[in-house]
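A.B. asks: Pasting a structure here, questions to come.
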């Protein structure tokens, strides 16, 4: 018994871990690939270390020219692959970009001479890899089709109906091919006969059968000999055709490693054995798992369960929109929707006209647009934010702050308590890049629902027919004590003619825990102490339509008293955009402000620009202009600079001065440098657009056939540089004088560059800036083209490229294959017949497509010899999630309006379930706004949570109109 216990202790194995190592639960079978990769890497390290590295290094060419080419290649590779290092980027085409860059690097490096001098034959490895890779994919695809057919006939478990991921097949085939290539590089394809090897001594532990440990250690120290023993003992052929007569016509044979004449081998190739073993293990594992469901249903280990729980206990936020991506379907849809909106809706059909036509008249104003249920309060807290739906982390950070019962924010050295707003005003652009059910639900509604949950009876698919739909027990809107929300649409919300906005805002009752009473896209709110908010819908006109203007004009005439104060909320801050672009927009809004309100507009606020800026009117005799101009578009979108607007000082015939900016002008200038340093890392998809532009600019100048003067041996380094740049200048002059394609592309690029310069800049400066911009791109394109051609020319001169035709690698492989991979039974010929020639053709053209440098060199040489007839005829950019803010207002009992702008410098990227929220005792029907901890997620790090880092970046007060009128009367009487 004691002995049994001792043995059980030695063999105490955690079977849960064994099962989860051997069988991965989700998704099948990526974990197997990871284990296989680890095994292959360990094998590579072992075999490489078996050679004398010191000798290999000594064999490297001592030539700075080749080392320079290596450095350039690795530098380019790092530049193009740097956005992918250390992280997985979605969508899947990023993986294509990542592997294609690696593909090009290997294809370029293997032509350089140092590998041959090191005794490493890259051609064999690459050609063998591509051959095994294509063959493996073909075999596994046939296997999966057969298995799915058996499932369809009901011969295997229902779990077999789950299709395997193509990425899984490709990944496993890549690992299998690498393993076979590593084995061949160090063990070859030798068929070892019985006499020379002695099969009785070829077991797994043949090295230990000599008896003496010292002998084994001495062999181990001679690691090269140890490697040979590994190849002979552990990876010997499994047998001969005589041992397996059924396989005699279905195998690839090995070759004898004999010095003299040898008989033809009937031994099965060890590479074929290794490949068949891997393929068989894959198939067997797949059949077992998909037939029994064991790995798919077996419980996880405790550690994996906790890890999975942690992953599930995190919000599923979308990444910020890649605005400079040339491959985003959403952005193409946005452009299409914008074109449709401009050509169809603008001037032809306007949803605002239909809203006005369908509304009933009530006491001189349309009841669907006017809300006065908050006007009788003694005081009121309300919030304003805009531009919400870009990144989940940033939008949720702001929504989490808005949802708290109260906030404690630092203002310089003091700490202020600010209660939650009873009213939330959102200034448009609810979801980017275009309005759709997906973007509204994922980018807009989800962060707010996480921050403040909707009522338990609320259903996502519910359509509000008769708003406001109040909670049970509340008879009228005045009696509702929870937070409410009113929204105006932005330009992005208008891209589909306002259809999604109407569906999700005007016909839904809840934005998370905020009640949405509004029925139309514009509205008027009567607030306490004579304050009003006019929410205007500018659509894509940058102005209100006639019907909207008429509503507000009649409202001012009938409802707004001479002593009242008005806040106008729009999406676009046309006062600052008109100054920037030297334009005049929003004439109807200006007419409403100057000629109807006549000085009662105390504040204009808007979003659209994703920063915070406040400008206040300089005291003057002009009293009919707006006193304060406020921009706050930091609700969740990427960051816009503030320093480019720092010189704004004129609007509505009055003079203004900047009182606050967030981020500060200095910080904004510093962040702007990121466009140079970080643009490509954040916007690697722009390579598609930039590459296309550069291709158009240089296409007609390829190839440069006369580059010998640059490489002249007798020239000094300065001479090489001078010749290089003189060639660049000659190419530039050729482009201007003879290349219609490149010159047209350069002209179009110049027009685009000039159009992006602000209109307020003088015409001469705009042209100068545009010319400098385009000249920089032209220079970069020409220099890169010539560097590439110089590299190709050097390799051609040293006979490393263009030594034969387009299929050099395949032709070389065919000659080596016939010598080192015997096929006495004609298996390859039969496969070629069965696949109608696809088998060799696919491998042939895959090798040609892989060897990009060779194709370029051959094409270049043919064009230089025979001409073209030889060719066959067959900052939003930076997506900065930080610097988020919103503005909180307080109408005091004496009528003054306090304004606080609260900001968070750094937005968290990792969230976890808030234990306070999870553990809070609550009644089943308890409204979320009555909870002490209303938000579901908190930042992973306590010191990064927005609640703990929020601060006040601007604070001021606005006196109501009647106080200013009293002050003006008293001032005139004193005079």
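Residue 1 is the first one shown; counting continues down the chain.
Note that Cβ sites are derived from N, Cα and C of the backbone, with glycine treated the same way.
Nobody curates TrEMBL annotations by hand; they come from automatic prediction.
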A.B. asks: To which of the residue ranges 17-35, 36-54 does TrEMBL assign the term transmembrane segment?
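C.D. replies: Checked against TrEMBL: transmembrane segment maps to 36-54.
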A.B. asks: Under TrEMBL, which of the candidate ranges 629-648, 649-668, 769-788 is annotated transmembrane segment?
C.D. replies: 769-788
A.B. asks: Which value does the mean pLDDT take for the domain 'Calcineurin-like phosphoesterase' (384-583) in this predicted structure?
C.D. replies: 89
A.B. asks: Could you pull out which residues elsewhere in the chain have a CB under 8 Å from any CB of the transmembrane segment (688-711), counting only those six or more residues past its ends?
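C.D. replies: Here the qualifying positions are 324-327, 720, 723-724, 727, 731, 734-735, 739-742, 745-746, 749, 777-778, 780-782, 784-786, 789-790, 793-794, 797, 860, 863-864.
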